[in-house]
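Quick notes on the structure that follows.
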Amino acid sequence: MDEESLQTALRTYDAQLQQVELALGAGLDPSELADLRQLQGDLKELIELTEASLVSIRKSKLLAALDGERPVQEDAEPLAFQNAIVETAEVPVAPGAELETVPSRETGPGPTEPGQEEDDGEDEEGGAALSGRKVNAPYYSAWGTLEYHNAMVVGTEEADDGSPGVRVLYLYPTHKSLKPCPFFLEGKCRFQENCRFSHGQVVSVDELRPFQDPDLSSLQAGSACLAKRQDGLWYPARITDVDSGYYTVKFDSLLLKEAVVEGDSILPPLRTDPAGSSDSDGSDADDPSYARVVEPGAANPGTCSSAFAGWEVHTRGIGSRLLAKMGYEFGKGLGRRADGRVEPVHAVVLPRGKSLDQCAEILQKRTRAGQAGVSKPPKCRSRGSGPGGRPPPRSVFDFLNEKLKGGAPGAPEVGAAPPGRSGKEVYHASRSTKRALSLRLLQTEEKIEQTQRAIRGIQEALARNAGRHSVTTTQLQEKLAGAQRQLGQLRAQEAGLQREQRKADTHKKMTEF
């Protein structure tokens with residue numbers, strides 16, 4: 001929204017607020033008064049937000065007007081800046097100056113030359129003139145990436161290689177090591193080189209670039225950006241919504257929550273230069289701060305026989321997203337030249353609790369069995385199960401169990417248990433039946449507890465609605481009656497299961513020794 005629409009909306013909200021205040025003074029019903037007070041609070045909050053948006057728009061227009069007053073100076077500023085630095089850094093030294101230094105000190109103070117005083121004055125004036133000037137300075141991160149940040153000159157110093165340089169403080173720090181130390185400029189920092197904040201960085205004059213004002217016109221919903229948080233650092237984020245000069249951003253880090261920031265707390269990404277820059281004459285291809293772009297026909301992508309990221313149906317799918325963030329194009333090979341492997345690495349699930357030697361033996365056995373193509377022979381029957389096998393040894397307890405269960409002492413009848421079934425197998429069968437009874441009994445008890453909780457909730461609701469709504473009370477009474485019937489059925493089912501369980505225990509005690 002522009003300034004005029006915000007002013008119109010502000011006048012409308014003021015008129016509505018006056019009408020609401022008049023209605024409050026008219027003496028209405030208590031129910032209507034509560035709604036009017038709520039509406040009054042909402043209108044006041046809306047007026048405050050609209051006024052804040054109007055102030056933000058006016059501030060941005062004022063800053064744009066101040067920046068547009070000197071376009072000619074900005075074009076000539078980089079050359080003048082470099083010339084001034086070179087002039088202040090390259091001070092002419094006479095051939096015999098070094099040799100004459102010691103005798104002059106020994107003989108005491110002598111008359112100072114006017115040219116020397118002028119040179120010292122020019123050095124001080126040049127350093128003072130450069131201090132506070134904004135530039136675009138390089139920064140090498142800990143992992144070797146070159147980035148250009150907007151910075152401010154705080155003084156002139158000689159670079160490590162002896163060339164003229166300046167000490168700069170970065171204006172938009174993205175790391176804690178770039179954040180300016182609050183005590184450095186005042187000379188009160190006690191940690192000096194061990195300080196975890198930045199005391200400035202010495203940069204060669206040849207590496208400096210002109211200062212670039214952040215261009216917010218290209219930012220829209222879905223654009224990548226840098227957003228400032230309360231700790232003073234700028235984090236990579238993505239814009240999700242733009243409304244009246246306010247930007248809703250979602251940070252790339254999952255540890256940071258979504259935030260709403262103004263225009264002075266948001267920047268375009270640092271690694272993107274404007275498309276129409278005057279010095280982009282093909283030298284960007286050799287710039288180490290930019291990734292090498294592979295032409296569509298330059299790489300020969302291999303054929304992939306399996307679906308890319310097909311394994312992620314079993315995972316959360318973070319692998320393919322990380323590859324896409326690092327610039328990988330689906331169907332091409334890995335590596336900066338897209339000449340790496342195309343086939344994904346297939347996962348092999350090994351048996352749990354086995355060593356690598358045992359896993360290798362298992363794989364070898366499977367390979368041999370597959371190559372031989374011979375099916376495994378069926379397992380032999382247990383001894384005594386065939387017609388010619390010896391019968392298992394029988395004890396007096398087996399004889400008593402057969403007699404008490406009604407079995408014949410001789411050969412088994414048709415439809416009876418298969419031959420060779422011992423008393424231990426019969427005991428295992430009864431144990432599984434008992435386990436099933438216990439499971440059903442446990443499930444029934446859980447249902448009884450749930451029904452009792454539901455009955456208590458319905459009774460509390462009836463107590464709350466007593467004498468208020470007859471329809472609601474009737475419905476709750478019907479629900480209560482249904483829940484009580486269900487509780488009676490569940491209790492009857494529980495009693496039946498308990499009887500069966502006691503019967504099984506009694507049968508086991510009486511029939512097995």
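Each residue, glycine too, has its Cβ placed from N, Cα and C.
What Swiss-Prot says about this one:
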MOD_RES   M1  N-acetylmethionine
REGION    92-131  region 'Disordered'
COMPBIAS  115-126  compositional bias 'Acidic residues'
ZN_FING   176-202  zinc finger
REGION    267-298  region 'Disordered'
MOD_RES   S278  phosphoserine
DOMAIN    315-361  domain 'G-patch'
MOD_RES   S355  phosphoserine
REGION    367-394  region 'Disordered'
REGION    493-513  region 'Disordered'
COMPBIAS  497-513  compositional bias 'Basic and acidic residues'
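Residues within less than 8 Å, Cβ to Cβ, of S355 (phosphoserine) and separated from it by at least 6 positions along the same chain comprise none. A mean pLDDT of 74 is what the model gives for the domain 'G-patch' (315-361). Applying DSSP to the zinc finger (176-202) sorts its residues as follows: 3 helix, 4 strand, 20 coil.
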